Amino acid sequence: MTIPNTIPITPELIAGHGLKPDEYQRILDLIGREPTFTELGIFSAMWNEHCSYKSSKKWLRTLPTKGPRVIQGPGENAGVVDIDDGDCVVFKMESHNHPSYIEPYQGAATGVGGILRDVFTMGARPIAAMNALRFGEPDHPKTRHLVSGVVSGVGGYGNSFGVPTVGGEVEFDARYNGNILVNAFAAGIAKSNAIFLSEAKGVGLPVVYLGAKTGRDGVGGATMASAEFDESIEEKRPTVQVGDPFTEKCLLEACLELMQTGAVIAIQDMGAAGLTCSAVEMGAKGDLGILLELDKVPVREERMTAYEMMLSESQERMLMVLQPEKEEQAKAIFVKWGLDFAIVGKTTDDLRFRVVHQGEEVANLPIKDLGDQAPEYDRPWRESGKPAPLPANLVAAPKNYGQALLQLVGSANQSSRRWVYEQYDTLIQGNSLQLPGGDAGVVRVDGHKSKALAFSSDVTPRYVEADPFEGGKQAVAECWRNITATGAEPLAATDNLNFGNPEKPEIMGQFVQAVKGIGEACRALDFPIVSGNVSLYNETNGVAILPTPTIAGVGLLPDWSKMARIGSANDGDKVIMIGLDGSHLGQSVYLRDVLDSREGPAPEVDLFAERRNGDFVRSVIRNDQATACHDISSGGLAVALAEMAMASGKGLTIDLGECKGAPHALLFGEDQARYVLTVPADVADFVCVNAEGAGVPFRRLGTVGGDALVVDDLITLPIQQLRDTHESWFPDFMEGRGELAAE
């Protein structure tokens, strides 16, 4: 049964399309008549949060987006950053949260497919993927099913397409029970002088449809992604798209081959709102109109209506504006790769978006008002109150420090993620230098003997909830720090801002404050935001997720032979901590997982110290003086030392004698701007003298060697015991053995 194009427009139909009464009135004022059913669908798709950023645009404009290496900032399919020698890195992160909750395998798979398309649409060959995943509490009845489906979906698509997954995050919290997060990142490499944009240029040029055929999957997907969930969630399953990574691989090769011919004027992938969004964006950006003839669109289902074709989110599709004389050559390339190639319209000079189906004009709308002049809101917001200070002396010390550390490394959130990343192909393409499990993934740049890129994705949602401003700063700082810990120079970042319902002032306040914090940190660290995505309405039955502004960054290693890892220390090396003694236990995992409390403020991020300490650590690594390096984050110094010992298989003998403060704060405090370095014994004094000269605080902590982590008389844990505890939680959880392994 198809939907006829003449369907009465009722208040229920308008509300069902996610349009508020005042927005519908704006449509009437704009076009001077009642919209057709297809036009209503087009407005609904273009004016929802997912496509228009109407609640967030005002604040996103405040982010720093320029820098000496930035070739293309936000507004295109992905950001583009110069990496020298005529090369650039193209990258972006994007959410596929709502679809992944409804249909975890396909939701996650098409999230990966969509972000890869964003990268190769720009003319770049994808070289790395990451994903940041948040699930509900481990003992929630749906969590295991969702983890299994999402991880299979991410792996199934990425592995088949042929891109290595080099990093990411997996976290559990009850606040994601009804609304998981799947944030997918991809990066590719292109020539700086061969970047392809989505802005159409020239009148009367062919608009070409490329790739897979159009079906009914995903109709209304963008609208679904702009609404809160409720009990009717099962009914939304048809709005999840279905992906085919092999078609996408062919699409990648065909696009890159066609781009070499000079035929491509503009190109846009079909993502949210499919044909509607890609056509409107290409025309509106180039100040051109677009005429589409739907009878020419390749379809895989019969009797599809204009409404369905315009809003389908079938995967593996592109829209392109071509040089007319290259039409035959272009068609031959796509046919060779077994893909559809159809001229479905042309550019016009009237700034109208016109759609014709079966001889009938089913839409005729002002293209600018759909695209870059969509509604924009300045929503009311209020700052959230900050938790009271929590001095370390008010926090109980553990009865047994070794037990407390085992509990942390074997907990749901600090345990090894090996079960997850072993399902991903981390080595395909043969350029992976650092795999998941360290501070950042590192990938060699093909064709260069020494150059590599480092990638990391970070956010600490519990900090953001306690203090959105400091939490926003911390997400950026930790990403920058993880990249720095490999020896790379952080170049730029992409953001994926996941929040609840922006119509609630307290949620909008979280968003505004987090964006302000992100902006301040990016400016202080010269780490511009070049692309990104906002996902709002992440709520179920009125319960919002933890505010989760994920930051993914890229760094450049001019010489990867000097790169640092977390597990490459040698026997006899000296252990040095860079940064201040641990003192901050508010919002720490020690507080949460050992003492079962979520009190206290988030740690403050001193951006001057962050930069000074990070620049110093990078110089030590680049001077070939560091044998290993690890940043200190969740779990504090104790967890960082345990992770280094487990990664290297070598023990550590630690003496806190130089440190000032209570032992539980020194070991489990989550103060920022800190690293652990191991250096050969004969350069330890030299490194410390240089630190002093640079005004960088440091502590000599001890020596590498033996088969246990020993901290004064507080902790003595054999590495094997640490590893067994660290590695067992995830497999035990997925196989349903014991409720929580470490408890």
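Note that Cβ sites are derived from N, Cα and C of the backbone, with glycine treated the same way.
Site annotation (Swiss-Prot): substrate is bound by S95, H96, N97, H98, R117, Q241, E313, S314, Q315, and the candidate from S531, S535, S561, S568 recorded at this site is S535. Of the residues G16, G136, G532, Swiss-Prot puts just one in the ATP site with Y53, K92, D495: G532. H50 (active site) sits 15 Å from D495 (ATP binding site), counting Cα to Cα. K92 (ATP binding site) and E313 (substrate binding site) are 20 Å apart (CA-CA, integer value). A Cα-Cα distance of 8 Å separates D118 (Mg(2+) 2 binding site) from K92 (ATP binding site). Of all the recorded positions listed (H50, K92, H96), H96 sits in the most crowded Cβ setting, with the most other Cβ atoms within 10 Å. Taking only the Cα positions, the spacing between Y53 (ATP binding site) and S95 (substrate binding site) is 14 angstrom. Cα-Cα distance from E94 (Mg(2+) 1 binding site) to R117 (substrate binding site): 11 Å (rounded to the nearest whole number).
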